[in-house]
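The annotation transmembrane segment is assigned in TrEMBL to A:41-64, A:76-95, A:107-128, A:135-160, A:218-240, A:302-327, A:333-352. As annotated by TrEMBL, region 'Disordered' applies to A:361-380.
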Amino acid sequence: MDGVSLLLVAVIVTALAFDFTNGFHDTANSMATSIATGALAPRVAVVIAGVLNLAGAFLSTTVAKTISGGIVNDTKVSLTMIFAGLLGAILWNMLTWLAGLPSSSSHALFGGLIGAVWVGAGTSAVRFGQVVEKIVLPAVISPAVACVAALLATYLAYVITRRAPRGSVNRAYRTGQIGSASLVALAHGTNDAQKTMGVITLALISAGVLGQGADPPWWVILSAGLAISLGTYAGGWRIIRTMGKGLTDIESPQGFTAETTATTVILTSSHMGFPLSTTQVCAGGILGAGLGRKLAEIRWGIAGRIAVSWVLTLPAAAAVGGTSAWLAGHGTAGLVLAAGGALAAVGGMYALSRRHPVDAKNVNEVPGEAQQDQTDDLMA
Amino acid sequence: MHIDWHGLVVVCVVSLALVTLLVVVFSLGIVALARSQGPRMNGTGRSSAVQPLARATAFLCFALCAALGGYGIHLIVSHSP
């Protein structure tokens, strides 16, 4: 196998690995509130989300024509830069997952690419105006809109149903929530699996395996769909706990309004051609749902940490992507070193996560209380 | 750098309006459903006349929400970047 095809295989494998992290990072978007309100059992929720992500991957009829959507100059992007950018995105996704923070996978991918292209092709290849227009501005506006919409909707939901019997009201909202959460999962599969398909297809084109403007081969669609779906099924339980229990205590009406808000904002803006981060919209929706219920407690410390992780996503992924691109620019040895370093870091973070595992069984425990429970178990 | 402020405002307003509409209609549906099931909501003989009306209202509300959800699926399927 010569150097180019080895690199191509590395890019495809890394792209699928990113797709997998994208899946488990974003399970929380569709399912965290459904799990928190008890609308769905944790295991059932991740199966539904996984299946809908797979279905979404096959529903998409058009695959992205550019890797970055114009954020970097695509003609200057090499296979090495794509590889380095993907490494940056994967490492940031792993680190934020370890900390249980819902950061945007798309922003991590853009950040990684920006860093890699900046180092590999120079500053002129990065279009900073586009970065502001397509990343920074939506990142500020979309969670704010979702927050305000969910706040108003939650307030109205509680006011309208205040005289009706609580039990049947909660049952009805939980049923409705399953519907809107499923739409979020489906939309996620269409959007995010498509990104990986686009990356792999463009890598194949630039390596000369496919002709210019070719559609993705069936195995690319299948593997990208499977990777995101399996990732979703694996369930990023740490992030699900933060979104469902950490930020605020979600009741059934709030779960319904938060997911309905997320679905509506995502579909409206993507229909009108505005890019946004699913994760940020969902977090904004949950925050708004928390604020809309009287006396609901918002844990502002956690909200603040989430906000910090959003600000850091782009530069942090860019730093790793840039470093990887610099290493990989030094021939095969550098490439292997970058891949090995990334693999070791991912392995290390996974090992760290095992010290305080979060899974389907303890996902609904509020962080902090979980440790208390463990102590109680020991005392009993 | 070109920022489509007008488009952004439209997205914000449409999102806000749709969310409010959906949640209000769904909540009214829930209230109507509860009224159609609760036999002695007002404690008078009127309940027998109220019940079919409440059931029809609930059905209409949920149907409207389902239709909007269906339109959402349509948008997802036909979505092209």
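Just so it is clear, glycine is given a Cβ too, placed from its N, Cα and C backbone atoms.
A TrEMBL annotation is a machine prediction, not a hand-curated record.
The transmembrane segment (A:302-327) shares more Cβ pairs under 8 Å with A:107-128 than with any other stretch in the list A:76-95, A:107-128, A:135-160, A:218-240, A:333-352. Within the chain, the transmembrane segment (A:218-240) has long-range Cβ neighbours (under 8 A, six or more residues past its boundaries) at 15-17, 19-28, 31-32, 35, 42, 46-47, 49-51, 53-54, 57-58, 96-102, 185, 188-189, 192-194, 196-197, 200-201, 204, 353, 358-360, 363.
Same-chain residues lying 6 or more positions outside the transmembrane segment (A:107-128) and placing a CB less than 8 Å from one of its CB atoms are 18, 22, 67-68, 70-73, 76-78, 80-89, 92-93, 135, 139, 195, 277, 310, 313-326, 329. When Cβ-Cβ distances below 8 Å are used as the criterion, the transmembrane segment (A:333-352) is approached by residues 7, 10, 14, 80, 83-84, 87, 90-91, 94-95, 97-98, 323-324, 327 of the same chain, each at least six residues removed from its ends. Sequence-distant contacts of the transmembrane segment (A:76-95) (same chain, at least 6 residues past either end, Cβ-Cβ under 8 Å): 4, 7-8, 10-11, 14-15, 17-18, 21-22, 25, 67-68, 103, 105, 108-109, 111-117, 119-121, 125, 199, 202-203, 206-207, 313, 316-325, 327-329, 335, 338-339, 342, 345-346, 349-350.
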